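Engineer: Pasting a structure below so you can have a look.
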Amino acid sequence: MFGMLSSSFEDDPFFSDSFIAHRESMRQMMRSFSEPFGRDMLSISDRRGRARNRMGHEDEENSLTHTDVSPFQAMDRMMLNMRNSMQELQRNFGHLSMDPNGHSFSSSSVMTYSKVGDEPPKVFQASTQTRRAPGGIKETRKALRDSDSGLEKMAVGHHLHDRAHVIKKSKNNKTGDEEVNQEFINMNECDAHAFDDEWQNEILKYQPRGQWRNLDNSRMRSVAHENSGSRELKRREKHHQSPAIEHGRRSNVFVDKLNIKGSPVKINKK
């Protein structure tokens, strides 16, 4: 079942190694679950079959044999139908995303959770997103987290026609190793800064005008909130100094967040 959902991720070099290792781990776990049940079910069937043979109910035995279905087969059929529907949807979306004058957004994700006995739970997550805009503009985001291996990584790519700048970050929470790599497609490393500026300028052409007014209003509201917090601080600093200072800090943090530009790359540290 997992292989059906993850086939598209396995074709991507960013995900392939982790997905292959995780799929093998899932197969071993499912095999350990199914084999004991399979032996028990076979032994029960044998005992029942011998009893029915002694009683002479051969027809009933044959009908039971024909209707005996693995408990996983029904789920497999359901997942196969779901996969076929998703593939058809992706094909239709692929035709739309090829329109050079259109906007499009696509997103795919998969997650597995397993827990055996007293062992800590194992969580595997992967997601990919693609945004497109006219003029050959594209942004890609990929992320993966594997609690079993401790690996967390993500990649953000900015594309203009056949040029691209991709930043990849990874961290292993078990070993503490961290790595940052940059990939330059059809350009040199020295051109990265100019390319990033060009990409940002192209994106600004498609920003809704109201977004800038909303941003200005947000700044004004935060400044007014900060001023009122300052007055409140003066009135209460003798009796409630710590809460007032914390209130002012929250206002300053909110104002600082408004100055963020572009598409930042973050790694969640635990």
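Backbone N, Cα and C define each Cβ position, glycine as well.
These numbers come from a predicted model, not from an experiment.
Pasting the feature list from Swiss-Prot:
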- 138-148: compositional bias 'Basic and acidic residues' (COMPBIAS)
- S6: phosphoserine (MOD_RES)
- S8: phosphoserine (MOD_RES)
- S32: phosphoserine (MOD_RES)
- S34: phosphoserine (MOD_RES)
- 50-125: region 'Interaction with COPS3' (REGION)
- 127-148: region 'Disordered' (REGION)
- 221-247: region 'Disordered' (REGION)
Engineer: Near the compositional bias 'Basic and acidic residues' (138-148), which same-chain residues lie under 8 Å Cβ to Cβ, leaving out any that are not at least 6 residues past its ends?
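Structural biologist: Answer is 12, 14-15, 18, 22, 25, 120-132, 154-160, 166, 263.
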Engineer: List the helix, strand and coil residue totals of the compositional bias 'Basic and acidic residues' (138-148) as derived from DSSP.
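Structural biologist: Going through the compositional bias 'Basic and acidic residues' (138-148) residue by residue, I get 0 helix, 9 strand, 2 coil.
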Engineer: Tell me, what is the mean pLDDT of the region 'Interaction with COPS3' (50-125)?
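Structural biologist: On average, pLDDT over the region 'Interaction with COPS3' (50-125) sits at 68.
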